[in-house]
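Remarks on the structure that follows.
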Amino acid sequence: MSPESKKLFNIVILGVAFMFMFTAFQTCGNVAQTVIRSLNSTDFHGSGYTSLAIIYGVFSASNLITPSVVAIVGPQISMFVSGLFYSMYIAVFIQPFPWSFYTASVFIGIAAAVLWTAQGNCLTINSDEHTIGRNSGIFWALLQSSLFFGNLYIYFAWQGKTQISEHDRRTVFIALTVISLVGTVLFFLIRKPDPENVLGEEESCDDQDMEATESAQNNVTKAVDAFKKSLRLCVTREMLLLSVTTAYTGLELTFFSGVYGTCIGAVNKFGTEEKSLIGLSGIFIGIGEILGGSLFGLLSKNSRFGRNPVVLLGTLVHFVAFYLIFLNMPGDAPIAPVEGTNSIAYIRPSKEVAILCSFLLGLGDSCFNTQLLSILGFLYSEDSAPAFAVFKFVQSICAAVAFFYSNYLLLHWQLLVMVIFGFFGTISFFAVEWDAAAIVARGSDYRSI
């Protein structure tokens, strides 16, 4: 297998492994609040929003030290161990207790920080300036296809149900745990890419022995250097500007992955289909994500206009979705009690409009995330692990804040927050992309997505 083929193989395996893991985890997140509402009529008392706020809060706090972990153990082992913790969190729902539920939330927050830093590192070392756009699109399309498969099962299994029984819950989460473990094992199929500089004849065996004896010291040095780079990157102009865009992706991630499905499940006007519509919503979010990731991956070598038009498309698509949701969904839907809400917004709640908005949310999200992955891989190709750690730090802390306020804010206020951050995030991304275009003009052969 040629070096380029090996790198492409690694990207595909990386995407497929994440597809399995996040088929389980994103489906879990999408239905968690609905499942817990049903559990709260028993001895269990908890909040899916609070759990996700803990996950993303710990995730953000852990991100600045994860480059050190990845530098020492490597991306492959980092992703495998993280996958085990993801599986543990999902398994908690088989027989949940408040203490195990919230404890697992803490552990998966740490695991997520390691996982995504390692993923960014793996993506970058298997790409160059010519392939980073294509590889970002391939990975994103495979990752987001996870939304399709898990939610397809939820749609058919929960059709006509108004409450989630213990048998339904256990069946779903046992299956999701197994799926997550399959994805975790797939990380072992990723091969180490061929080094650019092969050991020359002039280097003696003594040199290799010396390297082996100094490996422990080198690991400590790598860890310290990675941590220092993370802190330095936080205050660079490009990263500060991209942080506004990243903050927006954290807010809208919270909305489409946890809040919107809960809103749909709480609208009594949807009748007996309200719970199964959660699954259908997740499917159409996934279709939007897959379409966007595939399209921008295929166009990565041919676009002459850079990333800005794609981000602008994402902004417009999201703003249309937010307006339609504002018209279609009752304001109290995110915080409705277990009985749901009978309120009506500005139009009678429409299933078709709700599902269209799901598709638009997914398409817009893919616009932002594929371009952020691409520009980070280009600007920080030598410091990929710290750069992706800072990216995930900002994204996750904003997601945590959003999950926290989702317990209290009415829907229209949540939409307003996202519109404000979306507008300024788009402007700040444009500024960084113009800088990247200037780098290209000075002599780089990089082709932007």
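Just so it is clear, glycine is given a Cβ too, placed from its N, Cα and C backbone atoms.
The annotation N-linked glycosylation site is assigned in Swiss-Prot to Asn40 on the grounds of sequence analysis.
Summarising the annotation, Swiss-Prot assigns phosphoserine to Ser204.
Under the heading transmembrane segment, Swiss-Prot lists 8-28 (among others), citing sequence analysis as support. Non-local neighbours of the transmembrane segment (8-28) in the same chain are 1, 79, 83, 86-87, 89-90, 93, 119, 122-123, 126-127, 131, 135, 138-139, 141-143, 145-147, 149-151, 153-154, 172-173, 176-177, 179-180, 182-184, 186-187, 189-191, 193, 257, 282; each lies 6+ residues outside the stretch with a CB under 8 Å from one of its CB atoms.
Taken from Swiss-Prot, the feature transmembrane segment covers 53-73 (among others).
The feature transmembrane segment is assigned by Swiss-Prot to 74-94 (among others), with sequence analysis given as support. Sequence-distant neighbours of the transmembrane segment (74-94) (same chain, 6+ residues past either end, Cβ-Cβ under 8 Å): 17, 21, 24-25, 28, 32, 35, 66, 100-101, 104-105, 107-108, 110-112, 114-115, 117-119, 121-122, 125, 169-170, 173-174, 176-177, 180-181, 183-185, 187-188, 190.
Under the heading transmembrane segment, Swiss-Prot lists 96-116 (among others).
Annotated transmembrane segment per Swiss-Prot: 138-158 (among others), in sequence order, evidence recorded as sequence analysis.
For 170-190 (among others), the entry in Swiss-Prot reads transmembrane segment, with the evidence type sequence analysis. Only residues 6 or more beyond the boundaries of the transmembrane segment (170-190), in the same chain, are considered here, and those with a CB under 8 A from a CB of the stretch are 10, 13-14, 16-25, 27-28, 31, 76, 79-80, 83-84, 86-87, 90-91, 93-95, 122, 150, 153-154, 157.
Only residues 6 or more beyond the boundaries of the transmembrane segment (239-259), in the same chain, are considered here, and those with a CB under 8 A from a CB of the stretch are 26, 29-30, 32-33, 48-49, 52, 56, 233, 285, 311, 318, 334, 358, 361-362, 364-365, 368-369, 372, 375-376, 387, 390-391, 394-399, 401-403, 406, 414, 417-418, 421-422, 424-426, 428-429, 431-432. Per Swiss-Prot, transmembrane segment is recorded for 239-259 (among others), and the stated evidence type is sequence analysis.
For 277-297 (among others), the entry in Swiss-Prot reads transmembrane segment, with the evidence type sequence analysis.
For the transmembrane segment (309-329), same-chain residues at least 6 beyond its ends with a Cβ under 8 Å from one of its own Cβ atoms are 245, 252, 260, 263-264, 267, 296, 303, 345-347, 349-350, 353-354, 356-357, 360-361, 363-368, 370-371, 411-412, 415, 418-419, 422-423, 426, 429-430, 433, 449. Sequence annotations record features per position, and here Swiss-Prot assigns transmembrane segment to 309-329 (among others) based on sequence analysis.
Here the transmembrane segment (359-379) has long-range neighbours at 120, 123-124, 127, 129, 132-133, 136-137, 139-140, 144, 147, 238, 242, 245-246, 248-249, 252-253, 255-256, 260, 284-293, 296-297, 300, 307, 310-311, 313-315, 317-318, 320-321, 324, 387-388, 391, 425, 429, 432-433, 436, 446, 448-449, meaning same-chain residues at least 6 beyond its ends whose C-beta is under 8 angstroms from one of its own. As annotated by Swiss-Prot, transmembrane segment applies to 359-379 (among others).
According to Swiss-Prot, the feature transmembrane segment maps to 385-405 (among others).
Feature annotation from Swiss-Prot assigns transmembrane segment to 410-430 (among others).
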Q) Cβ pairs under 8 Å with the transmembrane segment (385-405): which stretch of 53-73, 96-116, 138-158, 277-297 has the most? A) 53-73
Q. Which range out of 53-73, 277-297, 410-430 gives the transmembrane segment (138-158) the most CB pairs under 8 Å?
A. 277-297
